[in-house]
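*Asks:* This is the structure I have questions about; it appears just below.
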Amino acid sequence: MALQLSNPARRRLRTLGFLSPWLVGFSVFFAYPLIATVYFSFMHYNQIKEPTFVGLRNWRYVFEQMPLFGPALWNTLWLVVIMVALRVVFGLSLGLLITKIKTGAGFFRTAFYLPYLAPPVAATVAFVFLLNPGTGPVNEILSSIGITGPNWFNDPDTAKPSLVLLSLWGIGDLMVIFMAALLDVPKEQYEAADLDGAGPFAKFRYVTWPAITPIVMFAVVTGVVQTMQYYTQALVAGKVASGVNIGPGSVIQPGYPDHSTLTVPQLVYQMGFQNFNTGAACVLSLVLFAIAMAVTMLLMRKRSGLLAAED
Amino acid sequence: MTTTTLTAPTTPERTAPTRGPAAARARRKRILHWIAVHSVAIAVALLFVLPFVFVFLTSVMSDSQAMSGDLWPNSWHWSNYKEVFETPGFLDWWRNSLMYAGLGTLFTVCSAIPVAYALAKFRFRGRRTAMLLVISTMMLPPQVIVIPMYLVWAQQFHLSGTLWPLIIPMAFGDAYSIFLLRQFLLTIPKEYIESAKVDGCGEFRTMVKIVVPMAKPGIAAIALFQFFYCWNDYFGPQIYAAQNPGAWTLSYGLESFKSAHSVNWNMTMAATLLVMAPVIIIFFFAQKAFVEGVTLTGVKG
């Protein structure tokens, strides 16, 4: 690589030059706000008066007194576990299905992929309509075959499962990733397994699964990190399903119904931008950060290939 | 790095007898298998497509019918779409979305190319650390840093109520795009770059003349992803643009559109489809680049 530039100082300068957009971006839009978040988590600050140091008071408030922290953390972790598990299983199943299809493969691939592209707000509004308990098409169809449909987004017991349905509808990205991984499994291994008389389950267990484990890992980790920041769909579903008008000054209950769709990111927004309790909002941010970083470290540890170099 | 061609795989031909009862049995089994796989696929595809169909059918119903729970429109009210466009603010949301997504994409692409190139092809101390930091940034929930960032943009630069606090940072490298493009650049053989250098090209000229043309599919992928990210973004516009309806984007405006028309599901569904339309139209034109990009994120380097 070091062909023309023999001077190491010049080479270092060149590297810095190429990296400079990111170096600036990283310091200004990542490192600085991260440090500032830690700083504000020890401050009382209402965004008008100067911040004052209050030690651990914000931390204790969040963990010991904040009424909505428990439900929000529970909902977030519930979604992380259930949504990620179902997404991976369903994504993998669709990936397997699509690799078995010969006739009309293009059509099926597009049909399965398209919902992933629907903007989250649009998809959520559409789902609240489709799953509308009284007049939504889904319950209409269910009742035509004699089933009384649930209240979906309007019942605290089924609101989160409804969000899971919405996220399974947008499974296209995972399907494509799994499909690519499945197509990369060497054909010879299947042929060898055939010769050994392996059935479909044995083939999956001993040939397919070992080959795709890194991708499954990748899907789990990115899924966890994405679900940690789950915000738009939960918020919009709650707002639209509650049916209140959101004009200036109107107060909406976060996480409708009964806080069942309130997530930690929503609480960050509420604390920081509606209650102007900057300190508590920053504590909540750092809780999110700690969990997301722990998962990322796990990803690095497991050598999922993300850092592979060209050599 | 594998760039898988996305065609249906063909199972290797079995060396089966071509005649006799064994062949007939094998053929029957194959046909049954074909039927089973395709019936499952058709059932699943229906479930995936039906939401779009219902949304569309509702979007052309009359006000009262849209609330009745009917599945098929009695009469087709195409004028709902016209009415949506005439809703005050709707055209501004389009303009704002296009500005956010257009400039955001342009800035991201221009800043990600040199960074990804350096990370993929230069050897320098700290390269691994730099990659680790890029990935950490990618993994960071936006809510973690939003409060200090908001305070800076609002209090120092007085830019709240605009989309600039969302657009400007994109000129300084988006982690996800850098990561994805770097994965793509790893697939370009070193020899091309070395021979350009032998011909006397400087590093910058090599990048512009050799690497960028070869990396077109990768660049197309990050451009599409970034465009869609901006188009779909709700959290960002909510933070910075909420207090100024003149700066709302389609994604942000849609939900308030529903709230303002709390009973009009037909209009809301028409607006919903209009928000989806650009993304889906672009997808049909750039399907290959898009799917390739998704694949790149997942397949190991």
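We number each residue from 1, going along the chain as drawn.
Cβ coordinates come from backbone N, Cα and C, glycine included.
Quick paste from TrEMBL:
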DOMAIN    A:73-299  domain 'ABC transmembrane type-1'
TRANSMEM  A:21-42  transmembrane segment
TRANSMEM  A:76-99  transmembrane segment
TRANSMEM  A:111-131  transmembrane segment
TRANSMEM  A:163-185  transmembrane segment
TRANSMEM  A:206-225  transmembrane segment
TRANSMEM  A:278-300  transmembrane segment
*Asks:* Taking a Cβ cut-off under 8 Å, which residues six or more beyond the ends of the transmembrane segment (A:206-225) line up next to it in the same chain?
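*Replies:* Same-chain contacts beyond the ends: 80, 83-84, 87-88, 91-92, 174, 177-178, 181-182, 184-186, 189-190, 193, 198, 292, 295-296, 298-299, 302, 304-306.
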*Asks:* Do the transmembrane segment (A:163-185) and the transmembrane segment (A:76-99) come together with 3 or more C-beta pairs under 8 Å, pairs six or more apart in sequence?
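*Replies:* Answer yes, regions in contact.
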*Asks:* State the non-local partners of the transmembrane segment (A:76-99) in its own chain: residues 6+ outside its ends, Cβ under 8 Å from one of its Cβ atoms.
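*Replies:* Residues 105, 108-109, 112, 160, 163-164, 167-168, 171, 174-179, 181-183, 212, 216, 219-220, 223-224, 227-228, 230, 234, 263-265 contact the transmembrane segment (A:76-99) from elsewhere in the chain.
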